[in-house]
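Heads up, the thing below is written out as structure tokens.
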Amino acid sequence: MDHLPIFCQLRDRDCLIVGGGDVAERKARLLLDAGARLTVNALAFIPQFTAWADAGMLTLVEGPFDESLLDTCWLAIAATDDDALNQRVSEAAESRRIFCNVVDAPKAASFIMPSIIDRSPLMVAVSSGGTSPVLARLLREKLESLLPLHLGQVAKYAGQLRGRVKQQFATMGERRRFWEKLFVNDRLAQSLANNDQKAITETTEQLINEPLDHRGEVVLVGAGPGDAGLLTLKGLQQIQQADVVVYDRLVSDDIMNLIRRDADRVFVGKRAGYHCVPQEEINQILLREAQKGKRVVRLKGGDPFIFGRGGEELETLCNAGIPFSVVPGITAASGCSAYSGIPLTHRDYAQSVRLITGHLKTGGELDWENLAAEKQTLVFYMGLNQAATIQQKLIEYGMPGEMPVAIVENGTAVTQRVIDGTLTQLGELAQQMNSPSLIIIGRVVGLRDKLNWFSNH
């Protein structure tokens, strides 16, 4: 993060703009809207500045820039078309430890001005760090269309209710659930927009007096195979509303960065063949946090119901009467194959696909005869350590040794690595790869050279 986003309280504080043209005017509007006591210095001014000065909204100082203008300032903006003058203003401000923005020269500035969506008291700022103002503007326009104009009224009304809500609801969890109900209540929003005081009061009383469910809840969320862009919209919404996030090793750092900043994070460290936290203990963590009235997200790589033991976790919650829901994720088979240029099914090569766990332990034996059949694709999860056994068994039951195979490591991530070969090489190939990896076996692997798109990007 190159810049710390902050919102400055400038009401009745001295600010200086050096420049009297159109760019300076745009900056002046922002500072006036923020209530600043504004001085503008320039050799000449466009008419708007004169009109503001005549209305007593700001002070004009006509003439060359003098550093003494900064003596009482909280904040300054250099907005002239003279680069040398802008640099001089910046250096003079820096020597006085005054924040200074230099228009179109972010490297010379001690702060930058973001694009702003104003739904006061709700403010949203979008910045590209000065590298691409056009991109920031485009993002602002998209956000403008998503945020209702009356959102500011709802936020302001919420501020008026804070004292009462604090008295009414004892815990932070109860208050948060109340606020979530209020902010998504369309009737209240419309009543505020129409200034319908009767409807505002009725809706508010109904929301406050409705009994809250004191039980917490658990949401099982599939994080997808790695690329944060593959996280579903609903999954994103859930992790941003969570009080507690219980996650494992397969959840990428990019996805973890999307979690609510004040949420508790509990790492349970699961990976193929190794469990830092036993499954039963994970079940109890979910149960314990939910019983405290918290909203818990169990965040799993891929899809929670495909070799994720999500069903076992939900059985524990169900037996304890804890509400739960599931947000599916893109499973590793889909993500890794797509990012490797390997279609799992193909009219000419595979009419079915099988997802198989590579955990060949506790004496369990797979149906190798059916797995060795033609016209299908096999995807082995967590099969890296058993690759030699998989190779031996499939050949033993009749699969041709020249059957194409691929191993995908860190699928969909920027660190993705793929090697391919034939079934007779599978055990040897596996020794070159690290977990997490996925094994794909079938004729469709032969299409990889033609369809591989990700490595070219």
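Cβ atoms are placed via backbone N, Cα and C, with glycine included.
It should be emphasised that the depicted structure is a prediction, and the values quoted were computed from it without experimental measurement.
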Further S-adenosyl-L-methionine ligand in Swiss-Prot, beside P225, G301, G302, D303, I306, T331, A332, G411, within candidate set M172, M382, M399:
M382
Need one number: mean pLDDT over the region 'Precorrin-2 dehydrogenase /sirohydrochlorin ferrochelatase' (1-204).
92
Does DSSP give P225 (S-adenosyl-L-methionine binding site) helix, strand or coil?
coil
Including all protein chains displayed, how many Cβ atoms other than that of A332 (S-adenosyl-L-methionine binding site) lie within 10 Å of its Cβ?
27
Name, in the order they occur in the sequence, the residues of the same chain whose CB lies under 8 A from the CB of S128 (phosphoserine) and which sit 6 or more residues away.
L135, A136
Cβ-Cβ distance under 8 Å to G411 (S-adenosyl-L-methionine binding site), same chain, at least six residues away:
P225, G226, A332, G335, C336, Y339, S340, P436, L438
